[in-house]
Amino acid sequence: MNWDDTTDPDTDAAGERLVGPVADREDQAVEAALRPKDLGEFIGQEKVREQLDLVLRAARARGATADHVLLSGAPGLGKTTLSMIIAAEMGAPIRITSGPAIQHAGDLAAILSSLQEGEVLFLDEIHRMSRPAEEMLYMAMEDFRVDVIVGKGPGATAIPLELPPFTLVGATTRAGLLPPPLRDRFGFTAHMEFYEPTELERVVHRSAGLLDVEIDTAGAAEIAGRSRGTPRIANRLLRRVRDYAQVKADGVITREIAAAALAVYEVDARGLDRLDRAVLDALLKLFGGGPVGLSTLAVAVGEERETVEEVAEPFLVREGLLARTPRGRVATPAAWAHLGLTPPRAHTPGNGQGDLFGA
Ligand SMILES: Nc1ncnc2c1ncn2[C@@H]1O[C@H](COP(=O)(O)OP(=O)(O)OP(=O)(O)O)[C@@H](O)[C@H]1O
Ligand SMILES: [Mg+2]
């Protein structure tokens, strides 16, 4: 059942992480103020921006409602932000709801039937909607019509209800979980990628301006490099560095200040935190770089198997520091380099080093 989703490992298993991608309470409080308001202000995602710009411009020129848009990508990359931008660019009001909030088809029918013409309906976590609601959505998206079921049992009747044209903007962190019939009903799908360090640098500069924090280019680059490709994390690290700069210095963020602040919070130069480094450290020092089984690795760092697998590993794999192989977890040469360790010499016969004789 696709709405019976697992809880989020970033806030659950590992407590609140400074580099966790999912919004915590503090993020939610400040994010509204930091959100770009139109496509021009939205940093990075060049392809998505260009494509979306065409879709919206064309709809505006036709005086029509924009096609339904699906936004897919990891948490904190700007899906909610883009949905609001779509509404703003279309000059349309926006209604915000989410898959888990729509338990019954009736909930969806109530929302759909109260939409104004041209309104944007933002459906966050669309992969977690209930099946009956999903089926109602198919018809609403395609024909701007729903069948409202009145009564129960054999006496139940379906009353067709016309809907005003609207734009559905769906967001999902798991595009793969969407049933194909739903995916196919979107006119445009935007895949959001992780951001380049230079793009995050611009995000940091922009946010610093809005938060009235003084920061130099090197300071912004330092924060950007530790933000794991994610604007939400960049904004969060910026706030922690700002605190440090206020308390320990004159409030201005330089490279030295940013590095010292993030050392306090145990976020290293590549954005790894304590848990990520503990996993790598055990893999390298206790198991010679692997291969080692996940359970063994988890015991070695004193964490649950799921925590290692779902919280630490995805970023380590993405960074090319760790590989998951059929025989177990293996460190890459980059992992050895990152922790400043020398990998054991490869026991390759005939390399002229006398390895065959146990030298
Ligand atoms: N391209 C961007 N330029 C500037 N800031 C951005 C950009 N993308 C995201 N942000 C900032 O990052 C924060 C998180 O973005 P947003 O809430 O849109 O992410 P999301 O993809 O909806 O995440 P989730 O999957 O958790 O809902 C916001 O405060 C926003 O200001
Ligand atoms: Mg969101």
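Placed from the backbone N, Cα and C atoms, the Cβ positions cover glycine too.
Under the heading region 'Disordered', TrEMBL lists 1-22. Per TrEMBL, the feature ATP binding site maps to Leu34, Arg35, Gly76, Lys79, Thr80, Thr81, Glu142, Asp143, Phe144, Arg185, Tyr195, Arg232. Marked as domain 'AAA+ ATPase' by TrEMBL: 65-196. According to TrEMBL, the feature Mg(2+) binding site maps to Thr80. Annotated region 'Small ATPAse domain (RuvB-S)' per TrEMBL: 196-266, in sequence order. The annotation region 'Head domain (RuvB-H)' is assigned in TrEMBL to 269-359. Look at TrEMBL and you will find Arg305, Arg324, Arg329 tagged as DNA binding site.
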Among Leu34, Arg35, Gly76, Lys79, Thr80, Thr81, Glu142, Asp143, Phe144, Arg185, Tyr195, Arg232, recorded ATP binders, what is the largest CA to CA distance in Å? 37
Which of the three DSSP-derived classes (helix, strand, coil) applies to Thr80 (ATP binding site)? helix
Using a 10 Å cut-off, grab the number of neighbouring Cβ atoms around the Cβ of Gly76 (ATP binding site), all chains included. 28
So which other residues, same chain and not among Arg305, Arg324, Arg329, have a Cβ within 8 Å of the centroid of the Cβ atoms at the DNA site? Gly293, Leu294, Leu297, Ala298, Val308, Glu309, Glu313, Gly328
Name the residues of the same chain, 6+ apart in sequence, whose Cβ is under 8 Å from the Cβ of Thr80 (ATP binding site)? Arg35, Phe122, Asp124, Ala171
What is the number of other Cβ atoms found within 10 Å of the Cβ of Arg329 (DNA binding site)? 25
Which of Phe144, Tyr195 (the binding-site residues) has the most other Cβ atoms within 10 Å? Tyr195
Give the subset of the binding-site residues Gly76, Thr80, Glu142, Phe144, Arg305, Arg329 lying near ligand 1, defined as CB under 6 A from any of its atoms. Gly76, Thr80
How would DSSP class Glu142 (ATP binding site) in three states? helix
Cα of Glu142 (ATP binding site) to Cα of Arg324 (DNA binding site): how many Å, rounded? 42
Do any of the binding-site residues Thr80, Glu142, Arg324 touch ligand 2, in the sense that the CB is under 6 Å from one of its atoms? Thr80
In Å, rounded, how far does the Cα of Tyr195 (ATP binding site) sit from the Cα of Arg324 (DNA binding site)? 24
For Arg324 (DNA binding site), identify the closest of the binding-site residues Leu34, Gly76, Phe144, judging by Cα separation. Gly76
